[in-house]
Protein chains: 2
Amino acid sequence: MKIGELARATDTKVETIRYYEGAGLLAPPPRTGGNYRSYGSDELSRLSFIRRARDLGFSLDEVRELLTLADDRDQPCGAVDAVASSHLATIERKIADLAQMRDELARVIGSCRLGKVGDCKIIQTLEPMRGAARG
Amino acid sequence: MKIGELARATDTKVETIRYYEGAGLLAPPPRTGGNYRSYGSDELSRLSFIRRARDLGFSLDEVRELLTLADDRDQPCGAVDAVASSHLATIERKIADLAQMRDELARVIGSCRLGKVGDCKIIQTLEPMRGAARG
DNA sequence: CTTGACCCTATAGTTGCTAGAGGGTGCATA
DNA sequence: TATGCACCCTCTAGCAACTATAGGGTCAAG
Ligand SMILES: [Zn+2]
Ligand SMILES: [Zn+2]
Ligand SMILES: [Zn+2]
Ligand SMILES: [Zn+2]
């Protein structure tokens, strides 16, 4: 399998595959006589794993860790759970931060009466000190 | 006001202020004899504006635009509203994406019985084809 | 006159790709 | 055989928005 086929099979760009190789997520595959990368089904599985993990928002570091953990099939899976749970906590924190942004932004936008810039509540929220501490 | 004071007054790192200058968000201020940047209250206001906008998640491009719009105090504020509303939509899209990640990840984590890695539902979710299309 | 806090520039690193330059390979076809 | 084309190769630079380092200069206090 050439890199383009692997790319199509996993919905990944060719450059991204080469990038994963450089980043140590995919081992350098054997090459053909013409120096083309040659992949088998193992690499297809591994890249699918990576892509699914990325879709769930795991960082490349976390993916690397999950891949390593996944190889010791007889180990307890507590470490896997730890990575996933800590990532879930990160996502929840991000959502909370964004929700706060959204609420404040919606409030500010809602208070705009579409008049002049000088009277716009959006602008006034951003520069609450104009005319105040001016020396 | 030296850059360090401005940094403390706006809860910004010194390097970030210099970065904003390079990025065209802050004009290059006058310098002292010793080549130190020297700021006044205008720059304090402007940097406060930038920081507040960044806290609301606006990109630097959007901040630049908002700053420009804010200077024409007599113009109608429709353009301001447009920037803010489109940014709000972006945030809401981000939240929706993250919420989907969170739900799926929580589901997957919830189905783990803390056994061996080979039986872990988290791992199995990521590599659903092991043993299937092999050979 | 030296210490120390602060300032300066310029450059590289971060994350996860993406895009381009400038070339080589391999197969079909005229 | 020559040409075209799709595909592949490496290397480098670019994106956002900083952050961090190296290697210096400035200034007030002791
Ligand atoms: Zn994570
Ligand atoms: Zn308005
Ligand atoms: Zn935005
Ligand atoms: Zn498990």
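Our numbering is plain: 1 for the first residue shown, then up by one each step along the chain.
Backbone N, Cα and C atoms are what each Cβ position is placed from, and that goes for glycine too.
According to TrEMBL, the protein carries these features:
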- B:1-69: domain 'HTH merR-type' (DOMAIN)
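The average pLDDT the prediction assigns to the domain 'HTH merR-type' (B:1-69) is 97. Residue counts for the domain 'HTH merR-type' (B:1-69) under DSSP, split into helix (H, G, I), strand (E, B) and coil, are 42 helix, 2 strand, 25 coil.
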